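Below is one structure, written out as structure tokens; the observations come after it.
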Amino acid sequence: MTRRVAVTGIGVVAPGGIGVPAFWDLLSSGRTATRGITLFDPEGLRSRIAAECDFDPLAHGLDPELVERADRYIQFALVAADEAVTDSGIDFGTENPWRVAVSLGSAVGGTTRLEHDYVLVSERGQRWDVDHRAAEPELHRAFSPSTLAADVAERFGAQGPVQTVSTGCTSGLDAVGYAFHTIEEGRADVCIAGASDSPISPITMACFDAIKATSPNNDDPEHASRPFDAHRDGFVMGEGAAVLVLEELEHARARGAHVYCEIGGYATFGNAYHMTGLTSEGLEMARAIDVALDHARVDPTDIDYVNAHGSGTRQNDRHETAAVKKSLGAHAYDTPMSSIKSMVGHSLGAIGAIEVVACVLALARQVVPPTANYETPDPECDLDYVPRTARPRRLDHVLSVGSGFGGFQSAVLLTGPAGRKR
């Protein structure tokens, strides 16, 4: 018998919204969190704007010693995980630790700390024969992507399968998808799943500057991210984390947990085409959607909302529009599709998990978040992108899709309580 997978807890650290209530308030209002960069001096960069988190780790209960050693992205994940676990009401002291898993994603790991320590060991980049004596003993733990899952597992005593997923901008979706499979296939009863990234750092911003992927609209940052709009000119870098507590459905019911929704299907494919390029037909994303729907035994005409990758680059938004039309057929024109990146930016590996939490909340509130700043239609992007204002709507089946550098294409299907009764 197939094991069903429930979402019983959610937590989020996002630009403009630390914690679930503040996050949903931002999304439902259509406000944007993009401002000028304050985390470092961006002088000389083409894109000098970002969606930063107003984040004080000590104010959110993290231990000062941990804050000293842990990179910002680890801090985000721990705060989001604390919120999700508290929300779920689960008591890990009564759980079998071998049946508790962790699946977390990150695209760039602790680059902020790595850049900082490179300055220390190289005399601000002036030495190639680095002074190893200046390296901090916690550096490896601070920047290694494996630390993300390890630190969260240690915090909650999880001794089941523990993994960090790094598949570029689909890392968060894939971490949730792998968690779903881990429970569905019987390898765990509970999984702490999600993703975290803090990529607003000089080298990371410079990398995306170099390929002109980020918006140069420095004079009007609040309107810089405009997915699907004819005048879009790149994405806005963001940061943050989202964590979900996933449980085998009967396990959740047995302890009387509140069930937000179920994860019904997941799929991921590669395009074997180009590191950053996308095929114009959207075949690989369409394939991911098709397989996720088939996994969930949901018909394309049952989809009530698509949470788009919607990065705001010229090629992505065309590619994604084509993929959704290929998978949903004529129903695509009747299905609202929006991008929350217009409000919280693109936090690379973290955004997929943040978007899954947005989908959980959309199902819970029966409201579709808008695409902020969408004003001028693009003839090649001709679907309903929910411009500027959130929209009440019956939602039973919600699809979240993602696209990552390296050719990764992923999709997760979420089903609300009423969806199983259709």
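Just so it is clear, glycine is given a Cβ too, placed from its N, Cα and C backbone atoms.
Here's what Swiss-Prot has on this protein:
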- 2-416: domain 'Ketosynthase family 3 (KS3)' (DOMAIN)
- CYS169: active site, for beta-ketoacyl synthase activity (ACT_SITE)
- HIS309: active site, for beta-ketoacyl synthase activity (ACT_SITE)
- HIS346: active site, for beta-ketoacyl synthase activity (ACT_SITE)
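Under DSSP, CYS169 (active site, for beta-ketoacyl synthase activity) is assigned to a helix (H, G or I) in the three-state scheme.
Separating the Cα atoms of HIS309 (active site, for beta-ketoacyl synthase activity) and CYS169 (active site, for beta-ketoacyl synthase activity) is a whole-number distance of 9 Å. In the three-state DSSP scheme, HIS346 (active site, for beta-ketoacyl synthase activity) is classed as strand. Summarising model confidence by region, the domain 'Ketosynthase family 3 (KS3)' (2-416) averages a pLDDT of 93. Between the CA atoms of HIS346 (active site, for beta-ketoacyl synthase activity) and CYS169 (active site, for beta-ketoacyl synthase activity) there is a gap of 9 Å, rounded to the nearest whole number. Taking the active-site residues CYS169, HIS309, HIS346 in turn, the residue surrounded by the fewest other Cβ atoms inside 10 Å of its Cβ turns out to be CYS169.
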